[in-house]
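J.: Annotated GTP binding site per Swiss-Prot: 10-17, 57-61, 115-118, in sequence order. What Swiss-Prot records for 32-40 is motif 'Effector region', and it gives sequence analysis as the kind of evidence. Per Swiss-Prot, the feature S-geranylgeranyl cysteine maps to C188; the stated evidence is similarity to another entry. What Swiss-Prot lists as cysteine methyl ester is C188, and the listing cites similarity to another entry.
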Amino acid sequence: MQTLKCVVVGDGAVGKTCLLISYTTNQFPADYVPTVFDNYAVTVMIGDEPYTLGLFDTAGQEDYDRLRPLSYPSTDVFLVCFSVISPPSFENVKEKWFPEVHHHCPGVPCLVVGTQIDLRDDKVIIEKLQRQRLRPITSEQGSRLARELKAVKYVECSALTQRGLKNVFDEAIVAALEPPVIKKSKKCAIL
């Protein structure tokens, strides 16, 4: 059985762990516990072929900037996450996460993933953002950023409601199995 390695990166508290736990167990975790490093595995059928999808959760906090890349070797696809209710996490996709991933793993396909879409229309959240002269990130902004960064595509989901959740991983699998022709088909390696 072929294994595909999917590494999830993004700022702390954007919902990376919830995304993985909700997808692998169909349950939403109750507590926030910052991740250092964790991994999950699921078996998925693609056509008639079973694949093991190895899902690697990483720490978004700056304290782990030197450790995090140790999880990158042999990655087949990256999910670069931000929360649609955290404009700073959206900016960091471009300013921090894409540069980091491409530095360590040039040519490995990346998807930009907007998380927490169930909160995009939450009145309390919107008011809180408006007090800071901010607003939730739209699907159009996510798609535009993905095009600008030459990501495979933009997808979004809610780990709480599971809306769009399966699609995130379906798209990641497709990207890992059929990397775009313009990119190198090599897996990530740290020298």
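From the backbone N, Cα and C atoms, a Cβ is placed for every residue, glycine too.
Neighbours and distances for these, please.
T.: Within 10 Å of the C-beta of G10 (GTP binding site) we count 27 further C-beta atoms, all protein chains included.
Only residues 6 or more beyond the boundaries of the motif 'Effector region' (32-40), in the same chain, are considered here, and those with a CB under 8 A from a CB of the stretch are 12-13, 16-17, 20-21, 24, 54-59, 61, 64, 67-68, 71.
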J.: What is the three-state DSSP composition of the motif 'Effector region' (32-40), stated as helix, strand and coil residue counts?
T.: 0 helix, 4 strand, 5 coil
J.: Limited to the motif 'Effector region' (32-40), I'd like the whole-number average of pLDDT.
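T.: Mean pLDDT, the motif 'Effector region' (32-40): 77.
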J.: DSSP secondary structure for G10 (GTP binding site), reduced to helix/strand/coil, please.
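T.: In three-state terms, G10 (GTP binding site) counts as strand.
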J.: Other than its own, how many Cβ atoms are within 10 Å of the Cβ belonging to A13 (GTP binding site)?
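T.: For A13 (GTP binding site), the 10 Å Cβ neighbour count is 16.
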J.: Please report the DSSP secondary structure of I117 (GTP binding site), reduced to three states.
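T.: Note: I117 (GTP binding site) is helical by DSSP.
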